[in-house]
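Visitor: Please read through the structure below; I'll follow up with questions.
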Amino acid sequence: MQPSNDPAIVDMAAAEKEKKRPSVSFLKLFSFADFYDCVLMALGSIGACIHGASVPVFFIFFGKLINIIGLAYLFPQEASHKVAKYSLDFVYLSVVILFSSWLEVACWMHTGERQAAKIRKAYLRSMLSQDISLFDTEISTGEVISAITSEILVVQDAISEKVGNFMHFISRFIAGFAIGFASVWQISLVTLSIVPFIALAGGIYAFVSSGLIVRVRKSYVKANEIAEEVIGNVRTVQAFTGEEKAVSSYQGALRNTYNYGRKAGLAKGLGLGSLHFVLFLSWALLIWFTSIVVHKGIANGGESFTTMLNVVIAGLSLGQAAPDISTFMRASAAAYPIFQMIERNTEDKTGRKLGNVNGDILFKDVTFTYPSRPDVVIFDKLNFVIPAGKVVALVGGSGSGKSTMISLIERFYEPTDGAVMLDGNDIRYLDLKWLRGHIGLVNQEPVLFATTIRENIMYGKDDATSEEITNAAKLSEAISFINNLPEGFETQVGERGIQLSGGQKQRISISRAIVKNPSILLLDEATSALDAESEKIVQEALDRVMVGRTTVVVAHRLSTVRNADIIAVVGGGKIIESGSHDELISNPDGAYSSLLRIQEAASPNLNHTPSLPVSTKPLPELPITETTSSIHQSVNQPDTTKQAKVTVGRLYSMIRPDWKYGLCGTLGSFIAGSQMPLFALGIAQALVSYYMDWETTQNEVKRISILFCCGSVITVIVHTIEHTTFGIMGERLTLRVRQKMFSAILRNEIGWFDKVDNTSSMLASRLESDATLLRTIVVDRSTILLENLGLVVTAFIISFILNWRLTLVVLATYPLIISGHISEKIFMQGYGGNLSKAYLKANMLAGESISNIRTVVAFCAEEKVLDLYSKELLEPSERSFRRGQMAGILYGVSQFFIFSSYGLALWYGSILMEKGLSSFESVMKTFMVLIVTALVMGEVLALAPDLLKGNQMVVSVFELLDRRTQVVGDTGEELSNVEGTIELKGVHFSYPSRPDVTIFSDFNLLVPSGKSMALVGQSGSGKSSVLSLVLRFYDPTAGIIMIDGQDIKKLKLKSLRRHIGLVQQEPALFATTIYENILYGKEGASESEVMEAAKLANAHSFISSLPEGYSTKVGERGIQMSGGQRQRIAIARAVLKNPEILLLDEATSALDVESERVVQQALDRLMRDRTTVVVAHRLSTIKNSDMISVIQDGKIIEQGSHNILVENKNGPYSKLISLQQRQRHHP
């Protein structure tokens, strides 16, 4: 929806949007708490309340001590005993604080982790139960990854120790005021009048910053979507040298984030500055008022002073609770889309379960349009009967609606009118899981999950036995290649099955459907990816499987469906004609006969080919995949140049370009920090003046109040400078690091993306989390460090000047205070890295299941996915309990030492006064300054291990940035005046992920300039590996590959790829318009060039028929287009590039016969005077090639033109032809 251009309307709309920013109530975040969580929260709350209330109790003792010490010059001996007694009370109080703070942290951390895990599972469960149409129109994989990576972490942060922290401060606030009113109500009342101003300043800051943070997060979602899509289609991006364009898009998406982040920095500076401004003015008022209370004898100096301290610190607790409130608000906003999804009403999927399934399917007056394109009518009053136990074939043009009929039977979509019936029952009223449980589906583009072959087959039947799995693999002819794998069924297939060839993926996909033993079988080009020999065997296996089952086959190759009981020609939203093969060909003017004639004309010499063959994605053509062991042994081996350490200097070098901002921020931080000890000195001076004569008290109070008023103005300025400059620096760092990481990812060779740890979901997740972590360490923590450094330096200078003896004693307790903090931090840090890795695996699983949602729901695998997801969350959940216990104990110990040290300091101060070595004034001033210092000293030094060990937390950032690609391409010569002669000379090659498996050994191939070379052979023989080597997706282990006599390793990589066009078997489109997808072939091409390319690829007519034409969005991974439409867009993209060398990997495989004929003609024109390498299973498409090479086991076993090769009747090529001809006549 585009915003209005009217500024007034825009402002009103923005204000309204800000006002109505959606969020959920805070209590709703705890919706998933069970009884055990409630017990944990109750115990944690009790601990937090006792911990918070202990501080005001401390001030009661403190007030009595002050009074004793203040009057010690009258009765020194007696005073010393009393001080010792109260100092011991401090120790008892410290023990209470130890246990209560442990309970607070341990319980809240554990319950937070437990509840967040349940929210994660509920979110994914809801996602998996949504209607498929939602994924066409509203939800992207990037959105899901962002929600699970970031948003739920924000919620987890808000429902764990942050709640304990908040209750701690609130109980301190309540207890402080209660004790204050009981002690000196007059002072408490004046203080109470100030608290609303403090709370208001904190509240406004929290509200503004939370609004900006929501906007920042929304911007990140868009950037995440771009990253996930680009990395997922990295082969296409690299083949079309689109890396810079991708980085530019990503940077554009991040620019909004940067703008909002800068505003958040300014808001934080003004917010915290205003908070301190109010505090300074409040203290000036209170010091003056307390002096009057003491003068009039309402209360003594110690009591009055500690009441004032107590009430102000209680008020301050509201300020300290403000960041927690901000976290709660942020979580409420972040949780809105999550809970909205969890509670989203899906249509009731329960229903009747039939006792027996015959398999009669009826389309009754079915009208249908896709939700994403409601203007385009696919079916209008469609009526069709699929009898039980029969094989029904659907044929017709690409985009005619064949696959849509399968989607309607699977109930991926509901008809807009009419009904789909099963055995006389409207399938809308049948239980959805039960329905899908009786249907087996094999798609044209097989979808596998990044797990083992065994697990992939078990998606068909979760409790399948080893025997059932093996039998299914035998039936699909997958067993032969699986047995050749080092790890057999336990072999990892990689993201989207990338480690396997297309034929191997399809066979596993068929095994998955077979193991299900369904009543209804839906085959959408099920044998399309197989070579002729495998196809024959698999087709026979499928024929056996089809017996007695209702089977619906979608096919472009008519030869595959000759024996179907019924063949239906789909077109124009209706069934044009139907009948058996013999019945249909008896009508020479019929649609089927017309299609048959077109196909026969395409391959007269071969009498047809039966398959819609597909070879593979352009790389892992071979039969061996990456195994878990080989990943660690080999794939990671080149990356062993990991930096063992990332120095602090290296961390800070990242912000060198922004040193001016850093300098201003450092100055602001140092001044802001140094204000606190000076403030404490002013308060201590006021306290001392309460024990002097009235005139002296008045003068001192007046002087201190004026200084505080000046300080209030300075604090606003320095806080604004500090947070604005560091905010800008932090956002610039994040922007720079994300951009560098993204560029570094795209710089890597294709082999790097084959690794299990480098899937698109995991890398997109890392881009989001790692850059933010680096910013937190380098900028956010440095801000606190510098501020507290200013505080500590100023405090020690003042303390040593005032009373060096007392300072040294207090300083001696600091190691104990700090050790607790440091231990806690180191302990937490040790868990941090491992936990983030555990979540990465879970995030990858979630992203993968959403991107393959159709396969998941078709196989009723939602529960399987959720079980796997739960297992991935088990480790962080188990660790959270131990982590919470240790963190709680260490936190409690550090609190114990802090309060015990106060008792020691006051006791020692009284001894010094007793011996006449110190005055009351110097003791109180030193003590007050050191109290403030001790409160933050632990925090400062606890940051040190984070900064020093920051390399462990962000090492992955630098690993990525420092990694040298194994295919170096930024040096070398430019390739110009390309003639196009390709030569592979003595090539030895094995994939980096499986170095033990040799693909080529002394492989030689020459493709003369301007000639076409076809590569044929069985699936997994190495055909697509040739294309991958020419494109330099991989480098050979030995031998050279030359273009026009130049070693391609000595050429600039982008220069090489600019002259090569690629069309893959599974076309990779981007989630943008058709126009933008075609334009990807040639940046800056004119509109007429784009349209001409579309016409050549036979895409213009179907594009023009769409309501939005070339502006039609193709959806994530081109899901809104049919397979044939996607392929034609991909061909148009290659046509537009107009390359000297053309690589076609089953370029016409997804097209119907009519489209294929026209596109083949277009490709023939395109191939003229151009060096072309064609990979094909279907021999009819390559009979006109200048040369044909038959590849088997990584070697060329026969080579020549079609006419020469067919003369050798016993040759491999002739055998392939006769096999396909036999299939044509006896399918």
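Here the Cβ of each residue, glycine as well, is placed from N, Cα and C on the backbone.
Grabbed the feature section from Swiss-Prot, which reads as follows:
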TRANSMEM  38-62  transmembrane segment
DOMAIN    41-330  domain 'ABC transmembrane type-1 1'
TRANSMEM  90-110  transmembrane segment
TRANSMEM  169-188  transmembrane segment
TRANSMEM  194-214  transmembrane segment
TRANSMEM  269-289  transmembrane segment
TRANSMEM  297-317  transmembrane segment
DOMAIN    662-949  domain 'ABC transmembrane type-1 2'
TRANSMEM  663-683  transmembrane segment
TRANSMEM  704-724  transmembrane segment
TRANSMEM  784-804  transmembrane segment
TRANSMEM  806-826  transmembrane segment
TRANSMEM  889-909  transmembrane segment
TRANSMEM  927-947  transmembrane segment
BINDING   Gly1017, Gln1018, Ser1019, Gly1020, Ser1021, Gly1022, Lys1023, Ser1024  ATP 2 binding site
Visitor: Which range out of 90-110, 297-317, 704-724, 889-909 gives the transmembrane segment (269-289) the most CB pairs under 8 Å?
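Guide: Result: 704-724.
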Visitor: Within 10 Å of the Cβ of Gly1022 (ATP 2 binding site), how many other Cβ atoms can be counted across all chains shown?
Guide: 25
Visitor: Any residues 6+ beyond the ends of the transmembrane segment (784-804) with a Cβ under 8 Å from its own?
Guide: 665-666, 669-674, 676-678, 680-681, 722, 810, 912, 918, 922-923, 925-926, 929-930, 932-933, 936-937, 939-940, 943, 947
Visitor: So of Gln1018, Ser1021, Ser1024, which of the binding-site residues has the fewest other Cβ atoms within 10 Å around its own Cβ?
Guide: Gln1018
Visitor: Checking distant contacts: for the transmembrane segment (90-110), what same-chain residues at least six beyond its ends satisfy Cβ-Cβ under 8 A?
Guide: 40-41, 43-44, 46-48, 50-51, 54, 57-58, 61, 160-165, 167-168, 880-881, 883-885, 887-889, 891-893, 895-900, 902-903, 906
Visitor: So which of 169-188, 704-724, 889-909 is most in touch with the transmembrane segment (38-62), counting Cβ pairs under 8 Å?
Guide: 169-188
Visitor: Are there residues at least 6 beyond the ends of the transmembrane segment (169-188) whose Cβ is under 8 Å from a Cβ of it, and what are they?
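Guide: Beyond its ends, the transmembrane segment (169-188) has Cβ neighbours at 48-53, 55-57, 59-60, 63, 286, 289-290, 293, 298-299, 303-304, 306-308, 310-311, 313-315, 317-318, 320-321, 324.
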Visitor: According to DSSP, collapsed to three classes, what secondary structure does Lys1023 (ATP 2 binding site) have?
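Guide: Assignment for Lys1023 (ATP 2 binding site) reads helix.
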Visitor: Among all protein chains shown, how many Cβ atoms are found within 10 Å of the Cβ of Lys1023 (ATP 2 binding site), not counting that one?
Guide: 29
